[in-house]
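What follows is a single structure, written as structure tokens, with notes after it.
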Amino acid sequence: MHEVGLFVDLNSFTQLILTLFFVSIGLLYFVKRTAAKYFEVGGGSGGFDRDHRRDFMVSDTAECSVCGKATTKKCSRCKSVRYCSAACQTSDWKSGHKLKCKGFRSTDSSPVRRDDIDFEASLFGNRSASKKTRIALVPQQSQSKATLKPTDVLFPYESFVRYYNWDRPIMAPCGLTNCGNSCFANVVLQCLSWTRPLVAYLLERGHKRECRRNDWCFLCEFENHLDRANYSRFPFSPMNIISRLPNIGGNLGYGRQEDAHELMRFAIDMMQSVCLDEFGGEKVVPPRAQETTLIQYIFGGLLQSQVQCTACSNVSDQYENMMDLTVEIHGDAVSLEECLDQFTAKEWLQGDNLYKCDRCDDYVKACKRLSIRCAPNILTIALKRFQGGRFGKLNKRISFPETFDLGPYMSGGGEGSDVYKLYAVIVHLDMLNASFFGHYICYVKDFRGNWYRIDDSEVEKVELEDVLSQRAYMLLYSRVQPRPSNLRSEESQDEKKTDTLNTESNQDGSVESSGVGTNDTSVSSLCNGIISHSEDPEYEKESSLSASVPVSEEGKEVDVKVDTVDSESNRSIDMEHDSGTDHQEEEANGKEDPTVENLAVDSSCLDITTPSPSAATEFIPQENERSDTESKPLEKEHSDTESNKPLEKEHLDSESKPLEKEHSDTEMIDAQ
């Protein structure tokens, strides 16, 4: 009799079991990776949630959390803490409860300002005890910000100075888990988390209530990130920000290796856009008011590009807003100071790279120099280590100091207070000088002055010597003292000082002609908060060494006002001078009348940004100038709106005899 059964191969059965086991593991891993894009994952998140919940667990007894008295009033945000009076509530919030219950605050669709919050206890003694009585924490809605005047300031500079000097100590740095090639984002978030004015603003005042964005907002998410990092004792995942990298920068993507410097620039630009959105956006806010945001106060500075023509001495100054400095490290430069010397070195525009001079209307040889017109409060310096090619990274060591003076690289010589202290360093680690892969770590200094080495989730306390010995990729410096506030009184004082110097120069018989004085005065407002722009969106201003001056009457002082002359007027003066048109001059009280001639400086490139009183005596007449006894001054035809121009005294030979006056002081001669 035969037995009926199912024959099973043991080897095949074992292979089937193993296959199903590995397939199930793969499916679980796939589900975890997919869920990580939408949910917070990481070993530290659970610990944070437990601590977070434990902080807000309260007993069922209705006792005040401060004095222990019986009460029925609750915190309107977390609904977990009870108070008996507004004094107890204020005391508890100052002790730290305000930051702890931020995550529970009610979302208000209308933007309000926290500066106007008035915490008052709602006392309803006649109401039933079953009804919940709470403390009113929602402020009155502020006035609308939609209507702006051209002179409006979006963020008071005095408030920024208060945040800049914020001295509230917070906990040590908290690590961030690597979510897959996210080290470049982790180091940027760590550096921003220790930028004092930004952290003080988000923790003390906050951005969520004022945010006007309907979609995802970087500042709102970064505020949540700071709240979590401030109270978390374990590393946590910054997935809420990393998963939104395409929203921060168009070419950034999650899971790819990216450049930390590129992300830093995108993040700063995004925060600037968010600040402008509170007032209607970049298209609504006037250009002058756009320079008065919190982000502009923190990272914004002004870069000056000065080009001087060697043929006509025309100087063109162009100003550009900067959020960071990117310097070359090629050549023999081995220190940060030498790199900045190369950055601000004079460059000759010649050969195939001639300069198109508007005054000469031709391509001529010129001298170009970059300098810092206005130093930012937070200076971010990126060293260009990545060159062309997959193995083109420059791994040479560039020394950098802890205390850094930016004064020698300022166009005006600095204000004497341009001293910075190092507070963050970003380092890129690689193999074989590869530029297409690597790992980012950072060193940050907390608000107590302690240095930490942060490698994703690993945080280690280090000494300053270890920081200064690194091959840095990015350096973040903060000013020892914040930049002085921009006051219009300072600008008026500068103008008054300029007029006083010109008047004294007239009394001494040596009147100077320079269009740079007004250029510097008008740009002085760019350095601190309110920026005065010209009609040109590129902030381009041109100054000239040629001008016209009205003839002064006998016994009266010559009123000299510094002004700039555009390229069109310069060309018209040149044409009149070439046509040989002559005018008459007179002698009054033993002094020659003011005259105007085209003067050319030496072929060497002079730094006209900071003119000295003796600089005017170094001018050399052009070749087409007539001899001392035959030369006749050229006088520009006055328009109805023409103002007084600075004059340049003509040096005549002692043997020359002045011509007699044939026309009155106010008579105009046709140059045609």
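Just so it is clear, glycine is given a Cβ too, placed from its N, Cα and C backbone atoms.
Note that the structure is predicted; figures quoted are calculated from it, not measured.
The transmembrane segment annotation in Swiss-Prot covers 11-31 and rests on sequence analysis.
All protein chains shown were included, and the count of other CB atoms within 10 Å of the CB of CYS88 (Zn(2+) 1 binding site) stands at 22. Swiss-Prot lists CYS64, CYS67, CYS84, CYS88 with the feature Zn(2+) 1 binding site.
Per Swiss-Prot, zinc finger is recorded for 64-101, and the stated evidence type is sequence analysis.
Secondary structure at HIS97 (Zn(2+) 2 binding site), as computed by DSSP, is helix. Annotated Zn(2+) 2 binding site per Swiss-Prot: CYS75, CYS78, HIS97, CYS101, in sequence order.
In the three-state DSSP scheme, CYS183 (active site, nucleophile) falls into the helix class. For CYS183, the entry in Swiss-Prot reads active site, nucleophile.
The active site, proton acceptor annotation in Swiss-Prot covers HIS439. The secondary structure of HIS439 (active site, proton acceptor), as reduced to three states from DSSP, is extended strand. Same-chain residues at least 6 positions away in sequence with a Cβ under 8 Å from that of HIS439 (active site, proton acceptor) are, in sequence order, CYS183, HIS428, LEU429, ASP430.
Excluding CYS64, CYS67, CYS84, CYS88, which define the Zn(2+) 1 site, the same chain contributes GLU63, SER65, VAL66, GLY68, LYS69, THR71, ARG82, TYR83, SER85, ALA87 within 8 Å (Cβ to the Cβ centroid), listed in sequence order. Taking the binding-site residues CYS64, CYS67, CYS75 in turn and counting surrounding C-beta atoms within 10 angstroms, the largest count is reached at CYS75. Here the Cα atom of CYS75 (Zn(2+) 2 binding site) is found 15 Å from that of CYS67 (Zn(2+) 1 binding site). Between the alpha carbons (Cα) of CYS64 (Zn(2+) 1 binding site) and HIS97 (Zn(2+) 2 binding site) lies a span of roughly 14 Å. The two recorded residues CYS88 (Zn(2+) 1 binding site) and HIS97 (Zn(2+) 2 binding site) have their Cα atoms spaced 12 Å from each other. The local packing around CYS84 (Zn(2+) 1 binding site), expressed as other Cβ atoms within 10 Å of its Cβ over all shown chains, amounts to 20.
When the Cα atoms are compared, HIS97 (Zn(2+) 2 binding site) and CYS67 (Zn(2+) 1 binding site) turn out to be 15 Å apart.
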